[in-house]
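> For 195, 196, 197, 198, 199, 200, 201, the entry in Swiss-Prot reads ATP binding site. Per Swiss-Prot, the feature domain 'Helicase ATP-binding' maps to 181-341. As annotated by Swiss-Prot, domain 'Helicase C-terminal' applies to 410-561. Annotated region 'Disordered' per Swiss-Prot: 568-591, in sequence order.
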């Protein structure tokens with residue numbers, strides 16, 4: 001463009017005036033092949049106390065497609081004042097998310113072309129007029145992928161598009177495309193690993209839709225092990241199949257339909273007459289998709305496995321959040337290595353899954369154990385075996401009524417501190433335990449239960465009334481039930497978008513099961529304020545975080561006694577809300593095994609509706625005792641440092657070591673200088689939080705209500721501590737205000753009072769002038785203009801006031 005000085009143009013101008021014209025001139029269709037400002041991530045949710053916000057994320061400037069949802073290339077633009085290659089690294093990051101081999105960086109002068117299909121010359125500079133055509137990139141892409149001519153009709157098949165604008169997320173697109181690619185290449189066993197809450201069923205639908213529409217697969221079976229999974233799938237994601245789809249009922253497979261949704265239990269069973277799958281020939285289905293395939297399809301002795309073996313010629317796609325790999329069960333042995341994996345950690349980092357905090361509650365009998373006196377009878381007259389009972393026994397072989405009530409009381413107290421209407425799932429050891437927990441919660445919440453008898457419901461496989469409320473529990477628009485007690489039924493497939501509290505009072509040894517249970521809370525619902533959740537752990541299940549197989553660590557781990565939650569005057573909320581992030585831990589991981597527990601689900605017994613019961617109540621003999629004095633333990637606080645290590649030392653020692661090893665805080669003088677030089681002290685406070693300094697925990701150890709500045713001067717540098725009130729008194733003694741006119745003195749004096757009450761963060765924000773008693777003096781802009789002249793003068797006065805506040809007493813030589 002003659003006469004245009006590119007160096008004065010913005011990045012947007014460069015895209016509009018130079019890059020897009022070059023791309024269009026090369027033959028790319030603006031409607032179907034070019035997308036601008038493509039947002040690939042949602043932005044990680046960061047929890048700050050009780051509030052949560054998203055980190056802002058950048059979007060890819062331009063993505064080029066062969067056709068919608070089949071991406072080929074990324075173009076990253078920069079203003080002309082930058083080098084032509086400036087955007088390359090950013091573009092490569094987007095390209096890895098989209099699984100594309102081509103990246104173009106440009107500042108409007110030309111392009112740097114990164115071409116993974118050409119290892120001999122990975123990067124080259126090309127002119128604007130030499131931008132590749134769609135056909136050129138598609139041919140190179142197909143060669144890079146190794147596609148044959150026969151595969152092209154399948155891999156080019158359109159996605160389903162309902163016209164609403166809904167499109168797959170980048171990882172769903174990768175999972176769909178890689179699976180379709182694998183099927184088109186003739187692969188018959190495929191595994192997809194996607195974290196709970198990331199849209200596995202929608203992903204499965206698009207895979208099936210494309211293969212079905214391409215006539216590559218004509219008869220499809222979708223297998224699940226829970227009625228709710230099948231019903232949700234039919235009603236929601238699979239709805240576009242319309243009259244071509246059916247749910248298998250009455251143990252009858254109707255060959256008139258092309259897409260069949262079935263419970264495993266509805267088409268097989270221990271008796272020959274229950275094996276409905278044999279009604280059709282072994283080659284009837286040519287595609288089988290197995291939802292939650294970790295639950296048994298890969299187990300050699302599984303009843304479900306016989307279905308897969310009968311239809312052995314069909315392509316079989318396993319979907320799971322948690323592939324099972326034990327001596328007895330291996331998804332990978334059966335399906336092969338996953339064609340794509342999207343982990344819990346990635347989901348949280350990308351902002352598609354909710355982060356969480358953990359509160360561990362220690363009860364004395366859990367830690368110390370309990371032993372009956374010799375010959376002691378339980379409350380039903382059974383003699384209790386004389387041995388020490390511990391955490392693994394409680395609610396499994398030994399029931400202590402007082403422990404049940406203490407757990408229920410702690411749950412109740414937590415909800416009262418937060419919100420009694422927060423959706424809560426309580427995972428219990430078995431149906432009996434879930435029933436007793438429901439009763440205890442009803443007894444402790446009479447005011448809520450009187451408002452609505454469905455405030456607490458037991459939702460287990462044996463209870464038709466409870467199961468009938470499952471849809472209401474997971475419906476964000478329904479307030480009741482609020483608390484669901486369960487054992488196995490809700491561990492998988494329950495889309496509880498608004499669940500804000502997950503309670504673990506169940507012995508969990510399986511990493512697979514643990515991940516599934518955590519997944520009940522990871523869904524996000526911004527409309528209803530669900531951006532993060534809390535795990536309340538009574539059975540040390542969250543020690544599985546230490547297992548290397550676990551990813552997606554909690555924001556915070558807090559170990560407390562029940563009294564910390566029930567005591568209104570305790571600092572439980574402040575500790576839980578302290579703004580630190582956790583990335584790891586050093587707990588003993590000896591519990592992280594996939595061993596089969598002594599007490600397990602009896603898969604031989606089925607409910608009348610074709611679903612397995614949660615457990616077999618006659619499997620283990622239980623003793624029921626009461627009158628046990630159940631106490632709480634001394635409080636232990638664990639916290640994560642900036643390196644993600646779980647710290648148990650004195651927090652004062654940790655703070656001192658952390659500060660002194662940082663050169664900016666290595667001496668009192670350097671700390672004071674940095675503090676005084678900072679235009680806003682809040683910036684320093686937040687910076688120190690990133691180093692792992694927890695102000696609430698530190699203040700509790702010191703035992704005084706000190707300003708962050710004085711906490712550090714005292715703990716790290718050995719200075720005598722001054723309270724905020726003492727600092728205010730010192731400022732007033734020095735007659736500092738006489739340099740200002742009376743109207744300004746009035747404002748500064750009031751700011752000083754605000755500092756004494758609230759701290760330095762309060763007075764640094766100009767919005768403080770909207771609060772009482774400033775509101776009686778006029779609007780903020782009037783206060784600043786009439787009493788200080790302008791905003792700059794006001795900010796300077798506040799800064800000088802802070803310097804007066806933080807003057808150190810003279811040090812002796």
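For all residues, glycine too, the Cβ spot is worked out from N, Cα and C.
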> Suppose the ATP site is 195, 196, 197, 198, 199, 200, 201. Which further residues of the same chain have a Cβ inside 8 angstroms of that site's Cβ centroid?
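In sequence order, the nearby non-listed residues are 194, 203, 321, 519.
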> Sequence gap of 6 or more, Cβ distance under 8 Å: name the residues on the same chain that satisfy this around residue 198 (ATP binding site), in order along the sequence.
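169, 171, 172, 321, 342, 347, 352, 353 - these are the non-local Cβ neighbours of residue 198 (ATP binding site), listed in sequence order.
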> What residues, ordered by sequence, lie under 8 A Cβ-to-Cβ from residue 199 (ATP binding site) and sit at least six positions away in the same chain?
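Within the chain, residue 199 (ATP binding site) has Cβ neighbours under 8 Å at 168, 169, 172.
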> Ranked by the number of other Cβ atoms within 10 Å of their own Cβ, which of the binding-site residues 196, 201 ranks first?
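Answer returned by the neighbour count: 196.
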> Report the mean pLDDT of the predicted model across the domain 'Helicase ATP-binding' (181-341), rounded to a whole number.
85
